[in-house]
Amino acid sequence: MSKQQPTQFINPETPGYVGFANLPNQVHRKSVKKGFEFTLMVVGESGLGKSTLINSLFLTDLYPERIIPGAAEKIERTVQIEASTVEIEERGVKLRLTVVDTPGYGDAINCRDCFKTIISYIDEQFERYLHDESGLNRRHIIDNRVHCCFYFISPFGHGLKPLDVAFMKAIHNKVNIVPVIAKADTLTLKERERLKKRILDEIEEHNIKIYHLPDAESDEDEDFKEQTRLLKASIPFSVVGSNQLIEAKGKKVRGRLYPWGVVEVENPEHNDFLKLRTMLITHMQDLQEVTQDLHYENFRSERLKRGGRKVENEDMNKDQILLEKEAELRRMQEMIARMQAQMQLQMQGGDADGGVHGHHV
Amino acid sequence: MGKLRLRQIPDQLKVIELIIQKRGPESGPLTQGSAYARARAEARRARATSPPPRDSRAHRRSLLPRSPAPRPRPSLEGLPEARTDAAMSELVPEPRPKPAVPMKPVSINSNLLGYIGIDTIIEQMRKKTMKTGFDFNIMVVGQSGLGKSTLVNTLFKSQVSRKASSWNREEKIPKTVEIKAIGHVIEEGGVKMKLTVIDTPGFGDQINNENCWEPIEKYINEQYEKFLKEEVNIARKKRIPDTRVHCCLYFISPTGHSLRPLDLEFMKHLSKVVNIIPVIAKADTMTLEEKSEFKQRVRKELEVNGIEFYPQKEFDEDLEDKTENDKIRESMPFAVVGSDKEYQVNGKRVLGRKTPWGIIEVENLNHCEFALLRDFVIRTHLQDLKEVTHNIHYETYRAKRLNDNGGLPPGEGLLGTVLPPVPATPCPTAE
């Protein structure tokens, strides 16, 4: 009985106290030791400020030596997938963040094949996880599945472009989509509201399933509920990214300096950067859960339906499968024959109990 | 005409005086030469101290064949005389157009040496232009949402774009590129301009944008064809309606990185057919450093790919053109912001965009280069745009068409018979 082991959590006044209220702390300690993993994918046309936003969100520099190709080079390029991993530590909590970038998306004149590469990457990660999960040694499964996808919408249009709609419809069943309006300092407040409403209408019109923040539990405090409500009302988030420190109103803030004023990144009246960050941080766990419970399960059931061992059987041709099946058949036939023989012998042995000397089965 | 002559005499007298004073021992007829020009410049400066009686004189003086815009250029502050000086410097030194109204009315009774009055043709042209008006066709090309319609409205300070004319404000992206031409008549200072804005909704908005410039190229060539047909007609109209595209504003998305492949392809195909002026749209997205970096990159890319935007280097007529245009080319593409809303800034009403962090003034050169674009397109190069279209692009098209037809005009022959496609012997009535 746990009472025999004095710990600091025993409350002598409650005799029925078992002590498993300690469990969350144990989980917490274990997870902190293990560290967290999170994979974030950013998709959007070039020049929408994706890299700047990621750097601002996580206060790092993920792309130290970046060469931006010119238009002539872009004509030849197809969409590529670049994953960069960074380990961030804050107050003893380690986060292994992988950012998957998709340069080349939306650049080509004909973007029909833009999303094939991206979709196959997402599927590949699911595939790998499935394979690891079904393997023998399941101790150190590395989770590289894409937990969240920030889709950057251009603020210059009047809503979603045909490419945006097509892409989101292709991946909304595979990954959590968080639509983000990039370069929000282009828009006045009225334009921003109009654009947000337009985007939400179009998302509904095309039945695109974006990631929905879970409602606050009824036992959470009012502040949290209010915060969640505000977050939900601001989707899609319109953000501005910057890592430059500008002097404004006597203090140094991260922002962008224009001749007509300073846009502060962390000012909630200027843009929704803080909201996006809050959402990402407070709901990181939820994003991972939804990926695991919803998207991964969808993928898994679909794969298993299609017929299990396809992982390595890409190269196997039909003859080999036939041979295998034949071998199995033969084995089963042999087993049946042996069983039959056994039964017969038993019966014979039973009948000829008296007559047979020395023949034992 | 006699009235004009009389009024110009006092000027002439002053000039002659100056020359006689300066020339000294040299003698020779008074001709147009550097001495003459210098003397006249001095006389001008002498007069500069006293203001002109009416502003309209300065206005009329600034009307040269190049820039029919009645208002003097805003880049030059100061005396009306200074304005005309600059206007004059564009031309090879030749006599200034005589003002219709003199500084001081004086009675005359001397004889003039060698004045004929050829330069009054400027005034005559001006009067004719005022009567007939002129037309200008501007095309705007770019992805949807880049502010094309707003910019055109801001340029011409009126609601001339497609958005203003259409009933519903719900903009649906069309499936193919459409060409919509909307005409308006704008009047300013007695000058009438028939402005046609040609919009191209649907350009660059689809998933597959291959060859989306083809409808645009087709439209431009169709206008040339129309003009050619009219020109080649036996009974020609007195004034052929000019629907050719004089200027094409191409809107570049302000990504801050570089041009997009679609931009390159469009400009490659169309810079030989029409005057393209690239413009960086929604420039309030970029800080000053980002803006200059982006502009440099874009210019370099255009150069590397051999794309000649207007003003094209090969059409600079003389050194003055070249220096002026070089300056403009250095600052292109202009980074612009458009707006049709007014706000109060420092006590004045300005066009701008109001954001929580400040008001972006459209006509403030520190904020964006809209004023430069406007001056360039409207106040200094409007006529030149039309001329380059007519003399170069149209001629190229015409030569190609006539060559394809075997040196004969397209369609019918001169006697009204349809000629065979194989080049036949020319008709007897042909030159």
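Just so it is clear, glycine is given a Cβ too, placed from its N, Cα and C backbone atoms.
If you check TrEMBL, you get these features:
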type: DOMAIN; residues: A:34-306; note: domain 'Septin-type G'
type: SITE; residues: A:Phe156; note: site 'Important for dimerization'
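Counting only same-chain residues at least 6 apart in sequence, those with a Cβ under 8 Å from the Cβ of A:Phe156 (site 'Important for dimerization') are A:Thr186. Here the domain 'Septin-type G' (A:34-306) returns a mean pLDDT of 85 for the predicted model. In this structure, A:Phe156 (site 'Important for dimerization') belongs to neither helix nor strand by DSSP; it is coil.
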